[in-house]
Amino acid sequence: MAKPVNVNQSKWTVPVLLKECEIYCPSTCVAFGPILSDNDSKLIIAHGGHRGVNMKLKVFQQLEQLSESSLADMPTALVHFINDLSSIPSIAVAAGPSLLIYKNLKPFYKFTVPSSAINPTESEAWKAVVNKKINGDTLLTVLKRLEDDVAFSKLTPISQTYLRADKETQVVLVEHYGTKIANSATITCIAKLTKSTAEPLDILVIGTEHCEIFLIDSQAFTILETIKIGSVPVNICAYGTYDVDYRLFVQTRASLIFCMKRGEADYQPIVISQSMITSMVLVNKMIVYTTVENLIHFASFRGKKMNTVKCPSKIKMLEPFIYPLKQLAAVIAVFDKEIRMYNEHYLLDTVQYEKPLAWVKYGCYGREDSTLVVAFKDGSIAIQIFRRKANFDTKLDYNQVPQAHALKLQIPKKTKVFIDLTQREVQLGNRIHKVYQKNLFDVKYRLAASYLELTSSASATVSTTTVLPVEISVDIHGFGPTFRMTIHLLSSSKQNLYDMHLSIISDPELYDFDTPLIPVHLLASGQSYSFTTLLYCKDPEKAANCDVRALLVHAKRATPIVTAVIKMPFSEFPLD
Amino acid sequence: MGFFSSLSSLFGLGKKDVNIVVVGLDNSGKTTILNQLKTPETRSQQIVPTVGHVVTNFSTQNLSFHAFDMAGQMKYRSTWESYFHSSQGVIFVLDSSDRLRMELLKDELMMVMEHKDVVSRGIPIVILANKMDIPGAMTASDITVALGLNLYRSGTWSIHSTCALTGDGLDKAMQQLSAEITKYMESRRT
């Protein structure tokens with residue numbers, strides 16, 4: 001089922017499935033942490049449900065669901081934080097423009113992002129339509145003109161919905177929401193930042209659709225700082241403590257990464273990516289981010305790229321991995337059916353699964369500090385624990401080369417002969433080249449000369465033209481003094497060949513031919529032709545033999561098209 | 001010497017001293033079990049997570065035990081193995097209701113059972129499936145299968161269901177351990 005391959009060498013224990021759970025949520029809606037008085041770390045999930053139905057905040061303990069409560073709005077992110085040292089930690093769920101705070105699994109507070117300024121024309125139009133001064137259609141026209149003038153994203157969420165809704169919904173919208181128009185931006189991402197090491201309270205950091213980042217004091221829910229950036233933030237990673245020194249790394253929808261330090265007002269992007277950034281995490285004082293080109297980049301906090309991994313397939317998400325007992329740190333990259341662990345130099349581990357993955361979360365669950373929660377596409381969730389004896393001793397290069405290519409060449413040592421030869425080559429290079437060229441020319445000359453001799457004398461089976469490829473073979477039958485000679489011709493040229501002759505020549509003292517010249521009227525391509533002639537040995541008692549040549553000739557060609565040389569056998573005596 | 005020792009054991013005076021190591025994951029009940037084995041007067045009321053290790057002394061009919069109560073938290077687990085070579089028995093305590101960590105438990109148990117100081121000396125291992133009173137806890141036979149112990153033939157091990165709070169099953173387990181340790185000591189002497 002959910003079993004990974006190669007369990008024995010795995011750095012993780014065999015996954016255990018949670019009972020009766022079906023979870024569909026993004027990886028941002030998952031957190032670990034103690035939320036009840038028993039101090040046992042729980043798995044907290046804001047379950048997205050189906051199209052706004054069945055949205056739940058679920059809490060798991062051990063392998064079972066501990067509790068669930070309904071959510072009113074679609075959750076976008078979730079964070080577990082400490083806002084009171086004397087009591088239990090809380091959960092913040094970002095839904096729409098609000099943060100819903102849960103304490104002891106009960107609703108505790110609702111924080112809504114302050115409204116931005118509303119376009120005056122827009123608010124007037126809404127007022128007018130509520131007071132029945134204008135009708136719905138006029139409102140639509142006004143909003144459409146505004147959309148052209150100031151851009152769709154600058155309008156309030158309610159106007160945006162109105163513009164995209166059908167007639168009936170528009171009427172409902174006016175009735176229900178017309179009087180209370182607010183321009184609260186939807187929360188896109190949430191992170192937490194420790195206040196100070198002495199006082200481990202958390203500061204909440206939220207990013208909104210209106211390109212703003214708020215730092216919120218989690219005790220009184222007052223806004224400590226507001227930061228305006230040039231693009232919509234989608235992911236925030238916090239580092240350091242708020243009171244001493246902190247940095248916020250903000251990934252935006254425009255594929256930029258900003259770094260915000262304490263006490264700095266000017267924010268410039270530190271990473272500008274040409275392709276879309278899909279995920280970003282912090283590991284070991286490094287920013288690790290992925291792009292749509294299946295690359296994982298490791299960059300320093302200043303944005304200087306240190307290394308890049310090319311991955312074989314699409315990376316779904318990244319998750320930081322820290323094992324403080326052995327000071328191991330890595331980044332877990334989630335692929336379709338496997339996870340891989342990388343650090344800035346090596347590929348450290350690969351775990352394969354039999355089902356497609358949705359997300360993973362690493363942290364403290366129950367009593368074990370290094371637990372990996374793996375969620376599959378089908379909604380099931382498995383839990384694995386990092387083995388105590390596991391290490392990262394076996395490292396692989398990012399892009400592994402096949403074994404044979406990785407072998408180093410055995411370069412021989414510099415012997416005296418080698419040095420002498422090298423010296424000679426350096427000193428007499430010119431002469432060596434000339435001698436070589438002369439020899440090469442000689443070889444070519446001899447080759448040409450012998451070829452010419454061969455073709456002109458027709459003393460061997462040689463085809464002189466490449467344009468007319470004809471194969472010839474000759475059979476000799478009989479023991480003598482009368483022989484039967486059969487010549488087979490096979491043309492493989494594209495056109496048919498006409499008007500040729502087969503000429504058979506030999507020493508006239510030795511042999512006599514029945515038909516020394518056989519006319520070949522047609523050689524059709526690909527067809528085999530055979531011609532037969534008888535030949536008589538004139539004087540078998542001499543016990544002599546010589547070569548017989550069969551030439552295929554054409555009247556208009558000086559050289560034969562093809563030649564066969566037949567070594568004749570010794571002739572027997574006639575049977576008298 | 002042999003005469004005196006047999007004489008003294010006859011009178012129950014000089015019980016043989018044995019060292020045992022008590023290991024197991026955190027929150028499995030190691031300290032509680034040892035607390036239960038002590039005489040009622042010496043028991044402590046509050047059980048807190050052990051740090052490092054604590055030596056507890058108790059005795060059965062013929063043996064006087066020095067039990068090394070090891071801490072079970074992850075950061076202390078690597079210290080377990082350094083005590084095996086000086087001990088004559090191992091008690092492995094597990095929480096029978098902790099299904100989440102059953103695979104981790106299997107890992108840790110195998111590391112104990114296959115440790116060179118345990119295998120080469122053949123010291124007895126007693127596995128206590130603790131917290132059997134919790135509803136939904138796994139039975140000893142379920143745990144044997146879940147931990148793959150039914151496939152593990154070498155070594156002397158036995159498994160017992162116990163409840164550390166009431167002491168159920170502990171006596172039987174300790175009797176078995178005493179018998180195994182006596183047998184082990186005899187085999188060492190010969």
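Just so it is clear, glycine is given a Cβ too, placed from its N, Cα and C backbone atoms.
What Swiss-Prot lists as N-myristoyl glycine is B:GLY2, and the listing cites sequence analysis. As annotated by Swiss-Prot, GTP binding site applies to B:24-31, B:69-73, B:130-133.
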Legend entry - Cβ under 8 Å to chain A, applied to binding-site residues B:GLY24, B:ASN27, B:LYS30, B:MET70, B:MET132: B:ASN27
Legend entry - Close in space, distant in sequence - B:MET132 (GTP binding site), Cβ under 8 Å, 6 or more apart: B:SER96, B:THR139, B:ALA140, B:SER161, B:THR162, B:CYS163, B:ASP168, B:GLY169
Inset, instruction - Would you find the one among the binding-site residues B:GLY24, B:ASN27, B:GLN73 whose Cβ has the most company, meaning other Cβ atoms within 10 Å? - result: B:GLY24
Legend entry - Where B:ASN27 (GTP binding site) sits in the secondary structure, as DSSP reduces it to three classes: coil
Legend entry - Candidates B:LYS30, B:MET70: member of the binding-site residues with the richest Cβ shell (10 Å): B:LYS30
Inset, instruction - Give the helix, strand or coil assignment DSSP yields for B:GLN73 (GTP binding site). - result: coil
